[in-house]
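Novice: What follows is a structure written as structure tokens; I'll ask about it next.
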Amino acid sequence: MTISAMRDLSMTPATENGLRRKPILRKIGVFTSGGDAPGMNAAIRAVTRAAIANKLKVTGIRRGYQGMIEGDFIPLRSSDVSGIIQLGGTILRTARSKEFRTPEGREKAWQQLQNAGIDAVVVIGGDGSFTGALTMSQEYNISFVGIPGTIDNDIYGTDYTIGYETALNSVVCAVDKIRDTAVSHGRIFMVEVMGREAGLLALNSGIACGAEVILIPESKEQHDALKRFLDKGYKRKERSGIVIVAEGDEPGGALKLAENVRCEHPELDVRVSILGHIQRGGSPTANDRINATRMGVAAVDALLDDQKSIMIGIDNGRIVQVPFNKAVKLNHSFDRELLEIQKMLNI
Ligand SMILES: Nc1ncnc2c1ncn2[C@@H]1O[C@H](COP(=O)(O)OP(=O)(O)O)[C@@H](O)[C@H]1O
Ligand SMILES: O=P(O)(O)OC[C@H]1O[C@](O)(COP(=O)(O)O)[C@@H](O)[C@@H]1O
Ligand SMILES: [Mg+2]
């Protein structure tokens, strides 16, 4: 890091009455990072238009932190974000950048932001993206405000992350179809749902589909429920059902699990369906668009209020600001009651 390159925003001229004038914000950057999520475009649109309404210039940073390092920047005008609110994916594209994890990578990124005259940045992404923003803001004097965008809904301090609701509906539609085959053929389907470290998508989609068993990384006791279900099915000769398996439940995921079940219960017809990236795409639901729009406007407000290193969230319907260090270190609360409900109803 070159200390001389650091620009201290607090070193702004004093006003006539001797009070420090607020740092002058002229141009903001906006980018998407980590896994794409439906509704990210709605957030880009809201950030861009809210900034323009406040007389700020907006630069779109393409391909996440990798694009920041490479200076892959485009100016964003109001017309550039028209007709995108209903689109999945992200018009700015996204990336996972190894280079940004290094101090050298972050120094390059800082130089690019300086050269482009970007005073502050809105980062739309997940916990990893916020960790990167927090690290860079501790090394260089640049303000980041975050908008949670990930289908995993695994971020502390917000009830919603952009894309979660759309992904949840995609999973439910897919599992309903799989259920038709499961019942018709008398099969047990292990359906693998995304979420490396978080089981929220699996838990709620399992509830919505009436899954017989839900396996999530947060609760290992569900494996006993699987055993009970398989034993019961064997005795009653009921051989169909849906087992939702969160990607992060155990190494090997649904494929490994199916292998184990086949060994123990060779009489069962066990099939695996890995839903994969079908869960990440598609047009965002109305709520994902509304939440993205509200959070986009709130992110620009926060920058105008001279906030830094905070994430915008929604808590009980209200916009809140959550410090990055809390958002990334604490876990999203996990509703154990939902698991109990699922167990009780599967009699
Ligand atoms: N500890 C870290 N230090 C610096 N950058 C990080 C760190 N963790 C994540 N990042 C950056 O954020 C990017 C996105 O993180 P990732 O975990 O893949 O997605 P998400 O933000 O959706 O959780 C990473 O590719 C990396 O460039
Ligand atoms: O598409 P990739 O890079 O294989 O990533 C898959 C991962 O991305 C996700 O879909 C979203 O995770 P992030 O939002 O944290 O990037 C996870 O559920 C999944 O484990
Ligand atoms: Mg993440």
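The backbone N, Cα and C atoms fix where each Cβ goes, and this holds for glycine too.
Per TrEMBL, the features are:
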- Asp152: active site, proton acceptor (ACT_SITE)
- Gly35, Arg96, Ser97, Gly126, Asp127, Gly128, Ser129: ATP binding site (BINDING)
- Arg45, Ala46, Val47, Thr48, Arg49, Arg179, Gly210, Ala211, Glu212, Arg236: ADP binding site (BINDING)
- Asp127: Mg(2+) binding site (BINDING)
- Thr150, Ile151, Asp152, Arg187, Met194, Gly195, Arg196, Glu247, Arg271, His277, Ile278, Gln279, Arg280: substrate binding site (BINDING)
- 27-303: domain 'Phosphofructokinase' (DOMAIN)
Novice: Compute all pairwise C-alpha distances among Thr150, Ile151, Asp152, Arg187, Met194, Gly195, Arg196, Glu247, Arg271, His277, Ile278, Gln279, Arg280, the residues listed as binding substrate, and give the largest one in whole angstrom.
Specialist: 32
Novice: In whole Å, note down how far the CA of Asp152 (active site, proton acceptor) lies from the CA of Ile278 (substrate binding site).
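Specialist: On Cα coordinates alone, these residues lie 14 Å apart.
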Novice: Looking only at Met194, Ile278, the binding-site residues on record, which one has the least crowded Cβ, with the fewest other Cβ atoms within 10 Å?
Specialist: Ile278
Novice: Which recorded positions from the set Arg49, Asp152, Ile278 come near ligand 2, judged by a Cβ under 6 Å from any of its atoms?
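Specialist: Only Asp152 qualify.
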Novice: So if I draw a 10 Å sphere around the Cβ of Gly35 (ATP binding site), how many other Cβ atoms end up inside it?
Specialist: 22
Novice: To the nearest Å, how far is the Cα of Thr150 (substrate binding site) from the Cα of Gly126 (ATP binding site)?
Specialist: 6
Novice: Taking only the binding-site residues Gly35, Arg49, Arg96, Ser97, which have a CB closer than 6 angstroms to any atom that belongs to ligand 3?
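Specialist: Within range of ligand 3: none.
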Novice: So which one is it: of the binding-site residues Arg96, Arg196, which has the fewest other Cβ atoms within 10 Å?
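Specialist: Looking at the binding-site residues Arg96, Arg196, the Cβ with the fewest others within 10 Å is that of Arg196.
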Novice: Could you give the Cα-Cα distance between Arg196 (substrate binding site) and Gly35 (ATP binding site), in whole Å?
Specialist: 12
Novice: If you measure from the Cα of Gly35 (ATP binding site), which of the binding-site residues Arg49, Met194, Gly210, Arg271 is the nearest?
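Specialist: Sorting the binding-site residues by distance from Gly35 (ATP binding site), the top entry is Met194.
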Novice: Out of the binding-site residues I have (Ser97, Glu212, Ile278), which ones have their Cβ sitting under 6 Å from ligand 1?
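Specialist: Checking each Cβ against ligand 1, the ones under 6 Å are Ser97.
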Novice: How big is the Cα-to-Cα gap, in Å, between Ser97 (ATP binding site) and Val47 (ADP binding site)?
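Specialist: Here the two Cα atoms lie 23 Å apart.
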Novice: Need this for a regression test: recorded positions Arg45, Arg49, Asp127, Asp152, filtered to those with Cα within 10 Å of Met194 (substrate binding site). What's left?
Specialist: Asp152
Novice: For Gly210 (ADP binding site), which residues in the same chain are close in space, meaning a Cβ under 8 Å from its Cβ, but six or more apart along the sequence?
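Specialist: Long-range Cβ contacts: Ile242, Leu345.
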Novice: What residues, ordered by sequence, lie under 8 A Cβ-to-Cβ from Ser129 (ATP binding site) and sit at least six positions away in the same chain?
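Specialist: Correct list: Ser33, Gly34, Gly64, Tyr65, Val123, Gly146.
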